[in-house]
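Okay, structure first, notes after.
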Amino acid sequence: MTQKLHIKTWGCQMNEYDSSKMADLLLSTHGLELTEAPEEADVLLLNTCSIREKAQEKVFHQLGRWKELKKNNPNLVIGVGGCVASQEGEHIRHRAPYVDIIFGPQTLHRLPEMINQIRGGKSSVVDVSFPEIEKFDRLPEPRAEGPTAFVSIMEGCNKYCTFCVVPYTRGEEVSRPVDDVLFEIAQLAEQGVREVNLLGQNVNAYRGPTHDGQICSFAELLRLVASIDGIDRLRFTTSHPIEFTNDIIDVYRDTPELVSFLHLPVQAGSDRVLTMMKRGHTALEYKSIIRKLRAVRPDIQISSDFIVGFPGETAEDFEQTMNLIAQVNFDMSFSFVYSARPGTPAADMPDDVTEDEKKQRLYVLQERINQQAAQFSRRMLGTEQRVLVEGPSKKDIMELTGRTETNRIVNFQGSPEMIGKFVDVKITDVYTNSLRGEVVRTEDEMGLRIAQSPQEVMNRTRKEDELGVGRYHG
C-alpha cells in the first residue's frame, strides 16, 4: 500500500518552497505521496516559522494534536523543521519526546536518511546544522505545478537587524552557483513554467559562483534568467535596500521580463528607529532608490514590510513612517505589531510602547495602505492588463483566474486552453482583493517575444575597456 506524507507549513515563501522540495524528495526516495489528512499519514512534518509571536507555543499546540495520532500508530514518524526547530531543537526534544526528527532549514535534504534511522530503531534524530549549499545539491529535479514557480537562489542573511532571527535560524548568506540556478529554471521552462520568482532571505545580495571561478552578481543573474527561452516574467523576493544597487535598477530599464512590481521592505520611516533596528540605511536613501526606479519604470508599484511599536518608537517616529508611506505611495504592505524574538538584540530593549498603542498604529497604517491600494486598482478600470492564466477561479470554477504584472488577481471568462498562457484582459470591475475583466487578446495574437541568445542579453551590461577587454559594470 502507498505510504502517505502530510506537511503542515507556516511562514514565508521560502518555507513554502522548502516544503515542496521535501515532498518531491520523499516521493523520490520513499514513494511517499502527499495527503491533506494527517490521520492518513505515515510521516508527519511540521515546517515552522519563528517570525510571529508565540511561535513556540503554536508548535507545541500542533504537536499535541499529532501526539494522539502517534498513540494510535506507534510507527508514525513525526518531524519538526524550519526556523523554530533551528532555534529550539533541544527544547522541542525534551518537551515533546514523541517527536522523532528535528531538522533545520539547511538539513531538509537529509530527511530520507533521518527517516531510515528512525525506522531502523533509533529513538530520535536532531540535525539543525548549517552545511551551506549541500542542501541544493541533494534535492531532486524540479517539478512544475502550473505556469509559475519559485526558485531559491540563496539562503541566509548577514544583516543582523536587531529584531530578526533569520541569521540565527537560517545562517549567513550562501549563494547557489549560477549554473545550478539557470539549469533548474531551464528545466521548469521546459515543463511549461512562464513566470519565475527568485527567492532568498536577502535575494539581491546574491553572489553566485560561476564555472570559471568568477562571481555572478544579482543583476547579471536577472538578465541571464530573462534570456531563458519560455520565461516571460521574472519576479524576486525578498530584497534589502542596502543591496539595491544601480546595476539592478539598470535591469529594470532594459529587461521587460522583469515585472513592474517590487517588494522592498523598509520597516519604518524614522531614521532614529531605522538606526535602532540596525537597518543600515535612512528613509531618504530608501526614497532615493524608489525615485531612481520610477525614473526608468514609471509604472512600477512598490510593496513593503513595516513593524510598528518597535522599542522606543514615539508618536513622532510613527508619523515619519506615515509620511514615508504617503511619499512612496505603497501599493501593499505586510505590517506587524512588534513583538520580541528570543535571542535578538531588540529583545533586550525595553518594550515601552503599549499594546493598545501598537494596535492603533497598525490600524492607521493599514488603513492608509489600503486606501492607496484601492486608488491603484481604480486606475486600472478600463485598462488592458496582461494576465498569466493560472487555472480555474476559486470563486467560480467556470471562470479562469490569473495575475497581472503588478500582482493583482483578475477573474474572467475564458477557455481551458488559455491556462498556462498569457491573455490581455480589459478590466471591467474593481473589488477589494481582485479585479474582473474580459479577454481582448490571446497569446497567439500577441507576438510575445523575439528569441535572444544569453550573450546578447549579457552584452547589455558589458563594456569594453581601451584594450578591447570585456568587463562587467554596475
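Indices start at 1 and increase along the chain as displayed.
Using the three backbone atoms N, Cα and C, a Cβ is placed for every residue, glycine included.
As given in Swiss-Prot:
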- 3-120: domain 'MTTase N-terminal' (DOMAIN)
- Cys12, Cys49, Cys83: [4Fe-4S] cluster 1 binding site (BINDING)
- 143-375: domain 'Radical SAM core' (DOMAIN)
- Cys157, Cys161, Cys164: [4Fe-4S] cluster 2 binding site (BINDING)
- 378-441: domain 'TRAM' (DOMAIN)
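Other than the site residues Cys12, Cys49, Cys83, same-chain residues with C-beta atoms no more than 8 angstroms from the centre of those residues' C-beta atoms, the [4Fe-4S] cluster 1 site, are Trp10, Gly11, Met14, Asn15, Thr48, Ser50, Ile51, Gly82, Thr169. If you measure from the Cα atom of Cys164 ([4Fe-4S] cluster 2 binding site) to that of Cys49 ([4Fe-4S] cluster 1 binding site), you get 12 Å. Within 8 Å of the centroid defined by the CB atoms of Cys157, Cys161, Cys164, the record's [4Fe-4S] cluster 2 site, lie the Cβ atoms of Lys159, Tyr160, Phe163, Val165, Val166, Pro167, Gln201, Asn202, excluding the listed residues themselves. With DSSP states grouped into helix (H, G, I), strand (E, B) and coil, the domain 'TRAM' (378-441) comes out at 6 helix, 34 strand, 24 coil. Taking the Cβ of Cys164 ([4Fe-4S] cluster 2 binding site) as centre and 10 Å as the limit, one finds 22 other Cβ atoms among all the protein chains shown. Cα separation, Cys161 ([4Fe-4S] cluster 2 binding site) to Cys83 ([4Fe-4S] cluster 1 binding site), rounded: 16 Å.
One residue stands out among the binding-site residues Cys83, Cys161 for having the most other Cβ atoms within 10 Å of its Cβ: Cys83.
Residue counts for the domain 'MTTase N-terminal' (3-120) under DSSP, split into helix (H, G, I), strand (E, B) and coil, are 65 helix, 22 strand, 31 coil.
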